[in-house]
Amino acid sequence: MEPRESWAALAAGGVAGVCVDLILFPLDTVKTRLQSPQGFRKAGGFRGIYAGVPSTAIGSFPNAAMFFITYENVKSVLHRGSASYLAPATHMVAASLAEVVACLIRVPSEVVKQRAQVSPSSSTLQILSRILYHEGIQGLYRGYKSTVLREIPFSLVQFPLWESLKDLWSWKQGHVVDSWQSAVCGAFAGGFAAAVTTPLDVAKTRIMLAKAGSSNASGNVLAALGSIWRTQGLLGLFAGVVPRMAGISLGGFIFLGTYEKTRQLLL
């Protein structure tokens, strides 16, 4: 992959990340409060719907930029000399490695954001200071494993599906898809991936919101899923699935469409 292509992937990914995260922030807040152990109303209901947005605004660009520069470079390396039938596996590996790297930036931002979303009376800076004082730097990485375990299955579904839909549409019309067509493929792929990975998202939210010293604070995903199943059943495991699907479908449209368009403009 040429340096110009790498820089284009980095810049396009960053722009796409900022656009989608800020536009869809209210939906994300509603989803987080629905998944909160204290319940939607006690977590803030529809009040302070933009609580935690500074954390997202700061983390979005580097997070998405690191994802796409890793994804495109790994995909480029693995594509060399490989057969076409291996393309889905290539996309899976590239997306998984990209998630591991991106989560190093995403998790601290998400921990602060989610705690602000369920405590709208506290500022983002107050929450950050509280985490560092009580838990140190490791508090910012609470839920790293659960986030990676959510994001890798999500990307294993979303990105091969997105790439396959683009290839199918390109073949049907006889030329490469336009950015809006890529966005439509992204919306479908994102919505489907969001639905099937919702239980992992609920577990991740519970771990990030857990009080220090509680059972969920240990970061054990299986234990968190078991606790949710015992206390709330299937409905608890799929709490927030509608706003999550709606947000990620719309997010996939904006994110992947913006990424493709920005990358085309830069190359």
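Every residue, even glycine, has its Cβ placed from backbone N, Cα and C.
A quick note: this is a predicted structure, and the numbers were derived from the prediction, not measured.
Features reported for this protein in TrEMBL:
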- 4-77: repeat 'Solcar' (REPEAT)
- 86-168: repeat 'Solcar' (REPEAT)
- 177-265: repeat 'Solcar' (REPEAT)
- 6-27: transmembrane segment (TRANSMEM)
- 48-71: transmembrane segment (TRANSMEM)
- 83-105: transmembrane segment (TRANSMEM)
- 234-259: transmembrane segment (TRANSMEM)
In the same chain, which residue numbers or ranges, 6 or more beyond the ends of the transmembrane segment (6-27), come under 8 angstroms Cβ to Cβ?
49-50, 53, 56-57, 60-69, 71-73, 243, 246-247, 250-251, 254-256, 258-260, 262-263, 266-267
Beyond the flanks of the transmembrane segment (48-71) by at least 6 residues, Cβ under 8 Å:
6, 9-18, 21-22, 25-26, 29-30, 94-95, 97-99, 101-102, 104-106, 108-110, 112-117, 119-121, 124-125, 127-128, 159, 255, 259
Averaged across the repeat 'Solcar' (86-168), what pLDDT does the model get? Just tell me the whole number, please.
89
